[in-house]
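Colleague: Quick one: structure below, then a few questions.
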């Protein structure tokens, strides 16, 4: 019998705003999206701030978006959890932090703090670094070194100097800490197994290898002179007057990695924590007996201590589909595969019974503006075969392009990215409709809707604009004022399945 699948199609980084300047979503020629928008019930959803468990006004992101979508409720994000812990004094009593600090005091060794040096709030927040510096001062830790990963992606591309100056003020204020290395996140936070990048960051931190500077700001100035901005700054070493590195990571040191988002923290963490690491030769000085702390749970593969342990999410969308004996497919290209699997399942790595996954490799290019279509056509071809084969009751699909190309801050490639996705969307939705199925077309957060600032500069960060939702079923009405946490209840509603009590979101379909 022909399956009539209900598909949740996530156009990553695709939000709506009226102003067309710098707006790749508005400027793109997207006949399929426009046709569905005009023909079927539609509304807009909030995908940022408190609607997704973030601080008010904080832009959403893919991890947060998929967690909320899959959970069918507002999920309190790590950023909010840590902020509350700082505010209520719980941060200073955190046993894992205190154990790391005691470890270096007992061994007479150094504490290293590393993470993304910005207030972007997507992977980290600089205030969490300040809280760690304050705690180190309070606990009497003398040797504290900071390895700053420069952002330029979740914040403006040339904002590193302001964060470094602010950090230097805090170091002065607390009387503890020195900047030891700086590295663009392109190197230190790779997630695509481009180990040559990670190796450069590792060797700067452990061997003191790389360009050397007396002053962190001089490092940034020098990079800017060569047209290399924050995200891409080569791993660089800050040295003392005699040319020796301020600090390298050595045996018995402690590391606190203050990023809270796992995906871009895993590879560099594995480099330090895994005994059977084989991705590159770590050399004779690879530090032993490190006390390695992850701010949150990064992955089963990372052998470190976790300061803020995960909160379990029960009865996520995938689990409910599985409990009712439905077959489900998760499909995406590499860049968003963890999002439609791990994050969509509430932080669970394993598949549910009846769940299949298809991973299509993302193209190997330095930056995706060079190939705006990415692997969208390959994802589409793979999915069309599965729809034709009548195997699945539910499909969860992500198109990465509007987000990944939007991060370039380049308008033309981002328009091309949106257009490629629209072409693919048309094929997929029409195939689903031909089977008598239903598509829910939506997004997880904004990005491609604002790739230029009003004065024409690249805008590489996400946005706080609302995201669309279209349900390709005639004769229903969708309510306004919804959130991402309402999508799973809507999908269950369309499948005729009961909503579990843990899902506090509400179906968007007006009864």
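From the backbone N, Cα and C atoms, a Cβ is placed for every residue, glycine too.
Worth saying up front: this structure is predicted, and the values here are computed from it rather than measured.
Positions annotated as Mn(2+) 2 binding site by Swiss-Prot: 12, 62, 444, 445. The feature phosphotyrosine is assigned by Swiss-Prot to 36, with sequence analysis given as support. Summarising the annotation, Swiss-Prot assigns active site, phosphoserine intermediate to 62 and lists sequence analysis as the type of evidence. Taken from Swiss-Prot, the feature substrate binding site covers 123, 153, 154, 185, 191, 261, 262, 263, 264, 336, and the record attributes it to sequence analysis. The Mn(2+) 1 binding site annotation in Swiss-Prot covers 403, 407, 462.
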Colleague: Check residue 36 (phosphotyrosine) against DSSP and tell me helix, strand or coil, would you?
Modeller: helix
Colleague: Looking at the recorded positions 12, 36, 62, 123, 154, 264, which ones sit with their CA no more than 10 Å from the CA of residue 407 (Mn(2+) 1 binding site)?
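Modeller: Matched recorded positions: 154, sequence order.
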Colleague: If you compare CA-to-CA distances from residue 403 (Mn(2+) 1 binding site) to each of the binding-site residues 12, 154, 191, 262, which comes out shortest?
Modeller: 12
Colleague: Say we define neighbours as other CB atoms within 10 Å of the CB. Which of the binding-site residues 445, 462 has the fewest?
Modeller: 445
Colleague: Apart from 12, 62, 444, 445, which residues in this chain have a Cβ no more than 8 Å from the mean position of the Cβ atoms of those residues at the Mn(2+) 2 site?
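Modeller: Other same-chain residues near the Mn(2+) 2 site: 10, 13, 47, 60, 61, 65, 66, 336, 339, 403, 443, 447, 462.
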Colleague: Would you mind ranking the binding-site residues 12, 154, 403 by how many other Cβ atoms sit within 10 Å of each Cβ and giving me the lowest?
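Modeller: Among the binding-site residues 12, 154, 403, the lowest count of other Cβ atoms within 10 Å belongs to 154.
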Colleague: Among the binding-site residues listed here (12, 62, 445, 462), which has the Cα closest to the Cα of residue 191 (substrate binding site)?
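Modeller: For residue 191 (substrate binding site), the spatially nearest of the binding-site residues is 62.
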Colleague: Distance between residue 123 (substrate binding site) and residue 12 (Mn(2+) 2 binding site) at the Cα atoms, whole Å?
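Modeller: On Cα coordinates alone, these residues lie 17 Å apart.
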